[in-house]
Amino acid sequence: MAILSTQAATQTQTRSTSVRRVRLSDIACYLLLFIAVLCTIYPLAWMIVSSFKNGSDIATAPLSVNPSALSWHNYATLLLSVPLWVGFQNTFIVLLIQGASTLFLCPLAGFAFAKFNFRGKRFFFAFILATLMLPPVAMLLPLLLEMGTLNWVDSYQGLIAPGLINAFAIFWTRQQIADVPDELLEAAKIDGCTPFGMYWRIILPVMRPALAALAIFTFLGIYNDFVWPVIVISSDELQTLQVMLSNLATQINNAQPGLTGHDAWGEILAASTIATVPVLILFVALQRQFIRGILAGSVKG
């Protein structure tokens, strides 16, 4: 009996120790997650709140918040002085064409690389991977020279054409489609299904979460693109949103008559807040599919 009681006491002590360790590990994990969330949300919250403050308050007391001093002045001044809708219009034109091309053509290319055998398959896929290893800056001058040869500089064609095909999208979809069992495609082929029919009826439904994640990646890449638009576009009527925000920021050092640097800060924060809204809406709408798409393929079996 004494031995049994000793063993029971030992087991109880071991369980309490393990529970204590689990609780401490959970607390540490949640604490780190809280710090990460705080570091992520705080700059966004500061930007939104500061966009309602006047320029002098932003400069002298950036961390203080006086609800009675908040106003829509920066937004009203911004919308009256800056044609922000032109930047949105040009950006969404590029988004619509490049996004549709990427989400339609790149999965088809990934399907071909994943499930079909053809001459030069390995070479072409290796070439696509090689383009991912090149720094984007290295491609700017060749692309600009090519656009100049085609007389597409300072035009929608020059702004859109280089982004119609995305090498990362081909690689991403190829890896996702490779996990689809070949038996399903063989059965569909026996039933008389065409290659495009197999893609439409079998591959596409399975890939919806991955395509949602790819859509968000594509949207962010096009929406936040700055270097190529600022190089290839020189006219104001073709500026994208990011280029327009950059031009607005130059007013801090070269303030226009009646506009001080502090006032420009308020307008920049207001413009940045407006520019953030489409990204937040897209992520909230597709967050479940985005998470499923990121995790797709990470757990097999």
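Backbone N, Cα and C define each Cβ position, glycine as well.
Positions annotated as transmembrane segment by TrEMBL: 27-49 (among others). Long-range Cβ contacts of the transmembrane segment (27-49) within its own chain (Cβ-Cβ under 8 Å, at least 6 residues beyond either end) map to 62-63, 65, 70, 269, 272-273, 276.
If you look up TrEMBL, you'll see 88-286 marked as domain 'ABC transmembrane type-1'.
Among the features that TrEMBL reports, transmembrane segment is placed at 92-114 (among others).
Taken from TrEMBL, the feature transmembrane segment applies to 123-144 (among others).
Per TrEMBL, transmembrane segment is recorded for 156-173 (among others).
The transmembrane segment annotation in TrEMBL covers 210-231 (among others).
Marked as transmembrane segment by TrEMBL: 268-286 (among others).
Between the transmembrane segment (156-173) and the transmembrane segment (268-286) there are fewer than 3 Cβ pairs closer than 8 Å, counting only residues 6 or more apart in sequence, so the two stretches are not in contact. Counting residues 6+ beyond its ends, the transmembrane segment (268-286) has Cβ neighbours under 8 Å at 44, 47-48, 50-51, 58, 74-75, 78, 82, 84, 212, 215-216, 219-220, 223, 241-242, 244-245, 248-249, 252 in the same chain.
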